[in-house]
Amino acid sequence: MATMSLELSRTIGEHGGATEDEAEQDRSIQTLPPTDQGPKAWRFLFGCFMIEAVLWGIPVNYGVFQNYYSRQPEFQDNTNIALIGTLATSIQFLGAPFATPLVKKYHAWQRHMVWTGCALCVISLLAASFCTSIAGLAVTQGALYGTGFLIMYFPILCMMNEWFVRRRGLAYGILYAGGGLSGVGLPFLMEWLLARFGYKITLRALAVGVFLLIAPIQPLLKGRLPPSHSGAIRAVDLSFLAQSHFWVLALSNLCQGFAYYMPGLYLPTYASVLGYSSRTGALILAASNLASTLGQVSFGYLTDRVDNVHILVFVSTTISAVVSFTLWGMAHSLTLLIVFAIAYGWFAGAYPVYWPKFGSLISEDPQPVYSMMAFGKGVGNVVAGPVSAALLTRPLTSGYGMGRFQPLIVFVGSLMGVASLVIVGWPLRRFTPVGRRFTS
């Protein structure tokens with residue numbers, strides 16, 4: 001089994017013998033808790049769920065902040081407001097290929113990385129509360145927060161792969177669902193705080209809330225394997241980069257990453273254009289986040305049971321494209337806009353749960369593949385920010401997409417369609433994880 005080989009693979013000392021640290025690890029292998037089950041595994045997953053809900057819920061619901069900033073006299077003419085949310089969500093993706101080998105090398109320091117990253121997220125929110133410009137907010141609420149999340153997140157993912165093997169898809173689905181579930185109530189809380197107290201007090205309140213919620217769950221975030229002080233358990237395998245199959249998956253992932261966050265950023269603004277309040281915009285985000293939670297858990301469950309993940313990718317991206325072109329483009333009422341938010345959240349939000357499955361298809365170590373997929377989504381997400389701002393230059397009309405949003409809707413739908421067609425371009429035969437033969 002892959003995890004057993006991971007556990008037993010140790011660096012041999014200079015004279016051919018095991019170091020004292022390695023010997024201690026080998027002795028502890030006999031008492032390791034089981035994978036995929038048991039109270040320790042589920043407590044760890046609960047801790048991960050809470051971290052995701054608290055820390056990822058803030059940037060993923062940045063649309064509420066963006067709607068607020070765009071209506072403030074000192075910020076409303078600034079075209080870089082979307083950059084704040086883009087930085088907060090993209091840095092953890094872009095830094096993935098660099099974080100993964102470091103986390104593996106400094107295995108014994110993983111919990112320290114989690115503490116440091118969480119602290120940096122709190123500090124970034126406090127620092128942002130003293131900023132008076134979009135540039136300052138981009139550095140603090142955007143870049144600094146994203147960096148803290150990166151430092152915290154990838155040690156947690158490495159621990160996740162230690163705890164879950166057969167149920168890895170379900171575990172990742174539950175992990176990702178944390179951010180979506182927090183989005184059911186968090187947009188309303190942020191909208192109320194912003195309307196009543198302004199952004200400075202709101203950011204400080206969020207910083208205090210984050211600290212109070214994540215401090216008690218830190219003891220739950222422990223890896224299954226004993227800490228290793230002897231460097232990487234094994235070198236990062238990048239041989240999958242030579243496989244055409246990887247590049248097919250990467251291209252689909254890149255296109256999906258270009259498009260995914262745009263509706264979340266602009267749906268509150270779209271609702272405002274239709275004449276609805278900012279609270280209604282928060283309601284739409286909440287509906288989308290709840291649907292995303294259900295989609296991530298359900299598709300994560302399916303990835304553990306469906307060998308041909310290409311079918312799941314095709315279904316989710318195709319439906320995302322169709323609902324963007326139809327429901328969003330023709331949404332002139334609140335009902336249709338909410339239906340779009342739910343459908344898009346369910347199917348488009350599920351995509352990251354495929355990444356661990358991608359890894360098992362083309363490599364014996366799924367983490368580097370996951371990191372490259374995350375990097376691709378980060379590239380798309382960074383470029384999507386300024387591109388989306390450039391697309392919103394048309395005047396408002398009563399036509400498709402209210403005129404102003406038409407290019408944005410076409411952009412999102414087209415990229416989701418390309419992400420789907422790329423997968424169709426690969427032969428849809430039944431793949432099984434590396435180490436087994438695949439059958440037609």
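Each Cβ is built from the backbone N, Cα and C atoms, and glycine gets one as well.
A TrEMBL annotation is a machine prediction, not a hand-curated record.
Look at TrEMBL and you will find 13-35 tagged as region 'Disordered'. Per TrEMBL, the feature transmembrane segment maps to 44-62, 82-102, 114-137, 143-163, 170-189, 201-221, 242-262, 282-302, 309-328, 334-354, 374-393, 405-428. Marked as domain 'Major facilitator superfamily (MFS) profile' by TrEMBL: 245-440.
Highest Cβ pair count under 8 Å relative to the transmembrane segment (309-328), across stretches 114-137, 143-163, 242-262, 334-354: 334-354. Counting same-chain residues at least six beyond the ends of the transmembrane segment (242-262), those with a Cβ under 8 angstroms from any Cβ of the stretch are 85-86, 89, 93, 313, 317, 320, 324, 348-349, 351, 355, 358, 361-362, 369, 372-373, 376-381, 383-384, 387-388, 408, 411-413, 415-416, 418-420, 422-423, 425-426. Of the candidate ranges 82-102, 114-137, 143-163, 334-354, 405-428, 114-137 contributes the most Cβ pairs within a distance under 8 Å of the transmembrane segment (201-221). Between the transmembrane segment (334-354) and the stretches 82-102, 170-189, 282-302, 405-428, the greatest number of Cβ pairs separated by less than 8 Å involves 282-302. The highest tally of CB pairs under 8 A with the transmembrane segment (170-189), across 82-102, 143-163, 282-302, 374-393, 405-428, is held by 282-302. Looking at which of 282-302, 374-393, 405-428 has the most CB pairs under 8 Å to the transmembrane segment (82-102), the answer is the stretch 374-393. The domain 'Major facilitator superfamily (MFS) profile' (245-440) scores a mean pLDDT of 86 in the predicted structure. Here the transmembrane segment (374-393) has Cβ contacts under 8 Å with residues 79-80, 82-83, 85-87, 89-97, 250, 253-262, 265-266, 352, 355, 404-405, 407-408, 411 of the same chain, all six or more residues outside its ends.
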